[in-house]
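Let me begin by presenting the structure, written as structure tokens, before commenting on it.
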């Protein structure tokens, strides 16, 4: 590889026709396409980082950034094949994550893309005629679904995902608005368009299921789940005075019908032509962007509207208008705002809105400014600087300043600073500029326009022409290295002029074709030229003759350059080679490898060479040139490179192309270091200013100074007046506040005394309550101690009883063990005899089982044969159905043939219409020729107008002198006016004081009336409060009486409950006592309330039940209807199945019976089951009495244990009920008493049962 390295440093340009051409990476960094790169631009720090396109790419078509701002998808055409490259933006530098370029479906290019909300899926739309929508799992390069969106070759403009749902997709285009859902591996359309189709240009999701769509007729629609919910139309009114007003003219809530549609999407030129003929034109909505409050949309040329959501409805209303400002540097300022907004993007915090336009410009606006300017529309600002909007035709640089000069077919000249990466100066003209050259000093330029060659001064804020030459369509011009000469090409002739006398000193003739490139040698003694005639000439300027020539008619040269020693000429052209020419001979030809070289430049050191290609790449080579393919190739532009230059110090490479972009590159040698050339003098900072401009500015400064002095005096006087007024107001306020403070102090003192009284009262009350509580506690402790002593004595007695019962139970257990051992011996003898009998029976049963298994196999075979016959019948039935379906398909094919014939006839009609259109186009071309001839006449008239303008300027100078005299008289008038104003100001303070005093008197009278009203209101409030106080006193007395009654009731209940506790060991008496308590204390009214509540619940229950029964009845009817529809098909099959199931059930019963017999026999063998008492009595009645005695005793013990357990559970339940009653009534006196254990009583109960 070559040792010469070029690194992208900065780019000036934008490719606005890439779909989705601007994004925010974060709050400071935006991403946009420029050349064949994507640029990450930091708005605050002004740096750029680059994501280059793919190798051999023919340019980017569409971009998409993932919602998590981690991935960037780029659609390109690489070697005439479509490809999608996905970059990871978080890595530094950005690296390729995936490349999607192997497709098993037809595709020409991808025109729109979108990432899913979780960034895992990618949606891509192909161009017509395929118009396929592809749904990718891009990490695995897997196509999840593909569907054809349109079959009529209508363009599709945009695809997108729902912001919350990976499976929901929206597609808009000419005559189509489709919502699709990904399910079961396919994309299915979920909504179908109603009404007449519109040309939908753009859309955005404003909610999970709501979409705003814009059309080419200025209409906005809101769709919710595919149904139209809202519609509005935007109209641009263009009155004759040039002002425009933007009005919403129609708003409806139509849900069914769409409004009528006009013509399909026109081009930008057609739209401008149409608007010039009519006073009313419909704006086209090219871009829509959603944000938290609503959405922003483009509304015709140079305008953006903000819509906000209405609070009470799900509709939107226009809230703000933002315009592209008029450009004062433009030749026609009215045209500067007539550019369509193609893309809109909000920053992540929604503080900034960025827009890109059809003229390759980037604008931004801070959203807070739109809120400030409520009355009038807000205006955009340039995000960076104005950019070229057409191919760059000329490129130049100088020695004394870091300037780059460019000219373009957009009729503008721009000067850039490659050190600060800013735009220094620009100006637009009426004619297109084809070539430009910058003087080495940086103070002059020469520009070749369509009509003339102009020599211009570069002033501090303007570019002014001071000499014109009648050279039409000058394609190349160049200052000499010394700056004393410049050359300009006029067709096939080179004119050489001197910059001192500005005269033509030589005309170099010899080319037979158009000259494409000229270059000076180092000492300006020679000029080298190359042209389309295949000739490269070296001219001697002192003689004006050719010194060397090299002619190759098969090659059309695009660019030539010369080595620093002027011995070798390098030329590139249409024959795909780079030629070294010396002494009229071609020394070497180096292949360009399937591309055409369009530009070439060699460094001043002679060690590096750079060439530009027709595909937009640059190649860096070392010199002398190698024979092999040894160079570094870099992706640069999206079109052929038109111009290339190296700065004088060989530090920077400059490239310009037909895509309207300008790149600056940093150049390095083989060690990676910049190629440094020592500069003896730094860059110049001087600028040119005309004398008249300086005088005007000085005059303006003097006027402003006098105005500043006058304003100072005026402000000082106003300040003094304000100080006096404010000092008086402060004094009044201080007096007022002092009085208020004193009144508040007295109030505070009164409140303190009241607080102290209340504190004393509360303290005494608390002490009384504490004494009362302590006395009650002592009483309760005495009662509890006595109860505890009684319970402890009971507990001792019960413990003695439990010991005696435990000894008796141990004796019974020993007796039971002895009887158990005897019973076991008797049972073993009995079961051994029984076992012998069962073995014989088991052998017999096994033989029976074998016989039954054989019978089962035979029945199984019969069932299988019956099933096979049934399957065969079903097969014949469905084959018959298949034949019927095939016949219906053949019938439908015949119908499709008829439809195809109709389609072919319609196609012929379409072809006839296209022929008519072609004839009309021919007539249009003729008319355009007439228009061009008329335009030439107009240019001649313009020249006459210009000459008359010069005479007018002379007259205007005289008028200017008279205006100066008028200004002097105006100044004298101004002094007199000032004196009059001062006298008026002396009178004004007295009048102001009188007016202020009158206002104060009126305010005091109003305050007095307010005080009277407040007094009357307060008196009424006091009477109301006294009445309320009396009512509350009476109510308090009633409540206290109720409280005393309840306390008495609670005491009576406690005593009765205490009496009940004495019967806690006797359940029957306890039950009677509790019933008595219930009858005594529970009133019937309570029961009635409970019953009423139960009846309400019952009514609610029955109402709900009736509602459910009605629903169930309707559902049953539906089920019955559906069952009747399908019942006839299944009746026969069900009858056959029933017969088969019956046979299978009978076989299962027999099998179950045999299995149970086998299981019983096996259990008998293994002694797993016990013999029932009845069976034992039948087999051996003699041993019945011996076996039943111990078992009966065991059953009695189990029963007594069960009874004890049940009684224990009942006691526990009663205890829980007592605790709940204590918690409800607040009876806590027995809370600390621990009752004795009931184990002894339970033991007594067990003894009694035994």
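Keep in mind that glycine also has a Cβ here, set from the backbone N, Cα and C atoms.
Database features (Swiss-Prot):
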type   : residues  : note
REPEAT : 105-148   : repeat 'WD 1'
REPEAT : 151-190   : repeat 'WD 2'
REPEAT : 195-233   : repeat 'WD 3'
REPEAT : 336-375   : repeat 'WD 4'
REPEAT : 387-426   : repeat 'WD 5'
REPEAT : 428-470   : repeat 'WD 6'
REPEAT : 472-507   : repeat 'WD 7'
REPEAT : 510-549   : repeat 'WD 8'
REPEAT : 552-591   : repeat 'WD 9'
REPEAT : 636-675   : repeat 'WD 10'
COILED : 691-1057  : coiled coil
COILED : 1095-1166 : coiled coil
COILED : 1198-1225 : coiled coil
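Sequence-remote contacts of a segment are chain residues at least 6 beyond its ends whose Cβ falls under 8 Å from one of its Cβ atoms, and for the repeat 'WD 1' (105-148) they are 19-20, 61-68, 70-71, 73, 75, 77, 82, 84, 86, 98, 154-166, 169, 171, 180, 182, 185-187. Helix, strand and coil counts from DSSP across the repeat 'WD 8' (510-549) read 0 helix, 23 strand, 17 coil.
According to DSSP, the repeat 'WD 6' (428-470) comprises 0 helix, 27 strand, 16 coil. Secondary structure of the repeat 'WD 10' (636-675) per DSSP (helix as H, G, I; strand as E, B; remaining residues coil): 0 helix, 20 strand, 20 coil.
The DSSP breakdown of the repeat 'WD 7' (472-507) into helical (H, G, I), extended (E, B) and coil residues amounts to 0 helix, 19 strand, 17 coil.
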